[in-house]
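Straight from Swiss-Prot, the features:
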- Asn9: site 'Discriminates between blocked and unblocked aminoacyl-tRNA' (SITE)
- Tyr14, Tyr64, Asn66, Asn112: tRNA binding site (BINDING)
- His19: active site, proton acceptor (ACT_SITE)
- Asp91: site 'Stabilizes the basic form of H active site to accept a proton' (SITE)
Amino acid sequence: MKLIVALGNPGLKYEKTKHNTGFMALDHYLDEKGLRLDRDKFTALYAKEKVAGEDVIFMEPQTYMNESGRAVGAAAKFFKIDPSDILVIHDDMDMPIAKLRIRAGGKSGGHNGIKSIIACLGTEKFNRLKIGIRHPDKQSVVSWVLTPFNPDQQKELEASFAKVDQIIDDFIAGKDAQYLMNRYN
């Protein structure tokens, strides 16, 4: 069983903000597959689906970003999912807008959602799909991540979602992190 987690903040206020890039990417994937998050448990919206013969949990925690680990930890424990079978999709401001990078474990890189997941899982050994949102020039980091993309940036971001969909499909199909990094990084 795989667990695909998208990070973001709940509520309409944050819906199109840079910090919700993970939610936007997973929502695109689910729309393309005709799936929806139809369950509410673990302080998260989730769906349990069969994709390409594999049982998959798709999840969007409904806590604020820095509490995301609670939902991920609870779901991983409940469904008995090994951290190596978890893929977390999240924003990364150390990369240009829409740039994608896969990592197999490692530190949080200062991302509070990832810090929370590491703390709740008790390990750094889970997979991440980072989506670039660019570092703010002179704007504060908090204000940058909590504002929407401008129309050109939004277009660029949405153009990357087809590749995100391929990465998710490959992960579900059992391609390991090394394969994904070699193919997509």
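Note: Cβ is positioned from N, Cα and C throughout, glycine not excepted.
Annotated features taken from Swiss-Prot, shown on the structure.
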| residue | record | DSSP class |
| --- | --- | --- |
| Asn9 | site 'Discriminates between blocked and unblocked aminoacyl-tRNA' | coil |
| Tyr14 | tRNA binding site | helix |
| His19 | active site, proton acceptor | helix |
| Tyr64 | tRNA binding site | coil |
| Asp91 | site 'Stabilizes the basic form of H active site to accept a proton' | strand |
| Asn112 | tRNA binding site | helix |
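Cβ atoms within 8 Å of the centroid of the Cβ atoms of Tyr14, Tyr64, Asn66, Asn112 (the tRNA site) belong to the same-chain residues Asn9, His19, Thr63, Met65, Glu67, Ser68, Gly113, site residues excluded. Cα spacing between Asn66 (tRNA binding site) and Asn9 (site 'Discriminates between blocked and unblocked aminoacyl-tRNA'): 9 Å, rounded to the nearest whole number. Neighbour density around each Cβ, counted as other Cβ atoms within 10 Å, peaks among the recorded positions Asn9, Asn112 at Asn9. Cα separation, Asn112 (tRNA binding site) to the residue listed as 'active site, proton acceptor', rounded: 11 Å.
Around Tyr14 (tRNA binding site), the same-chain residues six or more apart in sequence whose CB sits under 8 Å from its CB are Gly8, Asn20, Leu146, listed in sequence order. Comparing Tyr64 (tRNA binding site) with Asn9 (site 'Discriminates between blocked and unblocked aminoacyl-tRNA'), their Cα atoms are 5 Å apart once rounded. Note on Tyr64 (tRNA binding site): other Cβ atoms within 10 Å of its Cβ, all shown chains, come to 16. Summary: among the recorded positions (His19, Asp91), the fewest other C-beta atoms within 10 A of the C-beta are counted at His19. Geometry remark: His19 (active site, proton acceptor) versus Asp91 (site 'Stabilizes the basic form of H active site to accept a proton'), CA distance 6 Å. Counting Cβ atoms from all protein chains shown, Asn66 (tRNA binding site) has 12 others lying within 10 Å of its own Cβ.
Largest Cα-Cα distance over the residues recorded as binding tRNA, namely Tyr14, Tyr64, Asn66, Asn112, equals 16 Å.
When the Cα atoms are compared, Asp91 (site 'Stabilizes the basic form of H active site to accept a proton') and Asn9 (site 'Discriminates between blocked and unblocked aminoacyl-tRNA') turn out to be 12 Å apart.
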